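Can you keep this structure in mind? I'll have questions shortly.
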Amino acid sequence: MTSPFATLPKPGVLDLVREDLRAFAGYSSARSHKVDGSIWLNANESPWNNPVDDDGDVRRYPQPQPEALRTALAGLYGVKPEQLLIGRGSDEAIDLLVRALCRAERDAVVIAPPVFGMYAVCARLQNAPLVEAPLIDRNDAWVTDLAAIRDLALARRAKLVFLCSPGNPTGELITLSAVRALAQALAGRALVVVDEAYIEYADAPSAATLIDEYPNVAVLRTLSKLHALAGARIGCLLADPALIEVLRRCQAPYPVPAPCAELALRALTPEAVAEAGRRAAVVREERERMFAALQALSGVRRVYRSAGNFLLARFDNAEAAYRSLLAAGVVVRDMRATQGLGDALRITVGQPEENDAVFAALAPAQQASTQASTGAAA
Ligand SMILES: *Cc1c(COP(=O)(O)O)cnc(C)c1O
């Protein structure tokens, strides 16, 4: 039996791109035309190496999308190279998406707060309306309200939906079936972007597996967290090749510095990737140890289950907890300015000794605050 819809063409992802940018050629860089030559005099580069650049690795403008790195990253993330865009961190990909899909004052971006701040920052810079579908706080876990996201995205004609899985700062993992259902409901209307900056710590499948079937799904990945290269600024967007191509033309001409590309490539050898995987396992173990230890502290109101490399905790006295940690030289993320998190701190999972320092700093503080409140009552 054939479906009556079988002949309908799949809505193309390009329909989601700003009409004025669909045929935009962007800047024609010195490296974008493939020609053979031995004497390169087309880019006004210096004919000599800089004295600090022995091998001359950085004398020339780099490839806009370094091929070897692109292939290696595509292999790591299980996509085809043409489905992957390398950017200056996934932050750049977020910015590119908002700029290329949203017309100022018209096309909305949907987010589910509390969440990573860059989606709102990029929407603000583009003057794209920001629509919020708050996460639901269920005792020891946060839950994305997918029905609300779907309804708001449709009602407000949003072009972009950002999901964060695992969520920062909540630690929530969103299932692939939920992402699939949302992508289906928004097909041809909005791009569903799944930010997977922390997915390696979740030991869960990536939404990248949905891209072939749903061209309106895109995924953000980064070398900044598990791969310990935050300073190299290498992040990726995984998406339909047509969308990657448009974003590439909207991107800066040479977004990936040659030394960073070289470093990232070295970090992607099978041995280095295997080592990163072992570290993810240690972080998961430490995360569970920290969860139990924090939960046992009297001044901790609530700790949320987390699929990331951090824990979000609510305190009876977050100020006191933050101060005792600081006094011990431990800097954690103060979440108190975030709506709904007025009593919360986000603590990154460190090395085992670093985590011990967190417990040591918090245990006496909690005793002191218990004593203080007993004293006040007396
Ligand atoms: C840390 C983080 C990123 C990483 O951004 P880069 O620009 O790749 O360093 C992206 N998304 C979320 C949710 C993060 O927490």
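Each residue, glycine too, has its Cβ placed from N, Cα and C.
Heads up, TrEMBL stuff is auto-annotated, nobody curated it.
So TrEMBL lists these for the protein:
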DOMAIN    45-361  domain 'Aminotransferase class I/classII large'
MOD_RES   Lys225  N6-(pyridoxal phosphate)lysine
Mind looking up the mean pLDDT for the domain 'Aminotransferase class I/classII large' (45-361) in the predicted model?
97
Near the Cβ of the residue listed as 'N6-(pyridoxal phosphate)lysine', how many other Cβ atoms are there if near means within 10 Å?
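Other Cβ atoms found within 10 Å: 25.
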